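Worksheet: the structure to be examined is printed underneath.
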Amino acid sequence: MAPGCRCSTPCCTTGVDALLAFINIGQLLLVYVGNRFKFGPRFYIGCVGMGVSMMVIAVCAITFGRVNHVAGFACGCILIAIFGFSNALMESSMFGLAALVTADCTKWIMIGEGFAGLLAWPVNKLCQVIVEAAGADDPTDMMYIRMVVFYFVGMLGNLAIIPMYRYAMEPHPYMISVLKIQQNREKFQLKKAMKRPVGQVIKDSLPQAFNVWFNFVITFTTFPWLIYQMTPSSLSVGSFGQLMTYCYQVFDTVGRFSPDLRVRLGKRLTRYVCLGRLVFIPLMFLCVHVSAPPFNDDWFRFIIMALIAASNGCVATWCMIHGPSQVDQKEKEELEIAGYVMAFALVFGIFTGSVIAIIIQQSAYI
């Protein structure tokens, strides 16, 4: 998924929205100029940029950022911009390359992003155990040290992708034929000849791009902030929030397996299911405000969250699969651009939903 932060505080929410905005800007640029560059350098720059910037953020936070908040904030903004653009390079390139291969490739990218969300909580707990074993007593110091360890693990994960792509993926016989598309990308070309203009390719991709955008708007209009507005019936507030969030991660990943579970959504059905997910918005608000069964029962809330997550993963995966099929299948350049358009729409949906959530929190609802 996207960004994995699940905090609902204003500061954290603003930071996540800034990150999403920078990712979208980078992705929008790739829609128009991405097919001028080779895939390899984009993967390398994206991985190094994400890994290094997140580690430097942690170092800044634990050193001068704790004392000089203005300098820390300024440094954080710059590093978030670098991370966002690097993420855009990496994610959009993945979906652009997947569009050139098969629908299975797109499906496994979606599943991989789901697993990334699943790993965040166990890795965070592992970091906590490491910090406690090191003998840190002060809660603030423990928080910062755990952050550094967590980001260091994330940096290693990003850097590990580089040799995987270079020595395992790129030389694969199947990929060699696919990557022939980049043979004429030795030098940058401001104007690249295509059978159809980029605008027409974008227009053809819009139906499924709208679907995946609207799908994530629905999800992030209520998730995760409404979880923390609920009063648990049997669990502690902290445990309830963590378990609900992890419930989302688990069932979202399960939903992304839908093509393998014989759950097939055609292009038209994808739109109907996406629109049908609107019912989850009032249901989530009812779970917050109605103090009567089943809305105030934890078991019911977990069922709703599981349905939200599973449907989100299922619809998103089928949208991303159908997106490139909207353009000419014989034109590799068009398939690649369609992949970029879909990646942009996905993140823009998360961003739009998060902005709507902020507006709701700051307006009449509160």
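Cβ coordinates come from backbone N, Cα and C, glycine included.
Copied over from TrEMBL, here are the features:
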{"type": "TRANSMEM", "residues": "18-34", "note": "transmembrane segment"}
{"type": "TRANSMEM", "residues": "43-64", "note": "transmembrane segment"}
{"type": "TRANSMEM", "residues": "70-90", "note": "transmembrane segment"}
{"type": "TRANSMEM", "residues": "143-165", "note": "transmembrane segment"}
{"type": "TRANSMEM", "residues": "210-228", "note": "transmembrane segment"}
{"type": "TRANSMEM", "residues": "272-293", "note": "transmembrane segment"}
{"type": "TRANSMEM", "residues": "299-321", "note": "transmembrane segment"}
{"type": "TRANSMEM", "residues": "337-360", "note": "transmembrane segment"}
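Of the Cβ pairs linking the transmembrane segment (43-64) with the transmembrane segment (18-34) and spaced 6 or more residues apart, fewer than 3 are under 8 Å, so the two regions do not touch. Between the transmembrane segment (299-321) and the transmembrane segment (210-228) there are 3 or more Cβ pairs closer than 8 Å, counting only residues 6 or more apart in sequence, so the two stretches are in contact. When the stretches 143-165, 210-228, 272-293, 337-360 are ranked by Cβ pairs under 8 Å to the transmembrane segment (18-34), first place goes to 337-360. Fewer than three CB pairs closer than 8 A are found between the transmembrane segment (337-360) and the transmembrane segment (143-165), and contact between the two stretches is not assigned (pairs 6 or more residues apart). Tertiary neighbourhood of the transmembrane segment (272-293): same-chain residues 211, 214-215, 218-219, 221-223, 226, 229-230, 265, 300-301, 304, 307-308, 311-312, 314-315, 319, selected by CB-CB distance under 8 Å and a gap of 6+ residues from either end. Same-chain neighbours of the transmembrane segment (210-228): 6, 8, 13, 237, 240-241, 244-245, 248, 270-271, 274-275, 277-278, 280-281, 284-285, 287-288, 305, 308, 312, 315-316, 319-320, 323, 342, 345-346, 348-350, 352-354, 356-357, 360-361, counting only residues six or more beyond its ends whose CB sits under 8 Å from a CB of the stretch.
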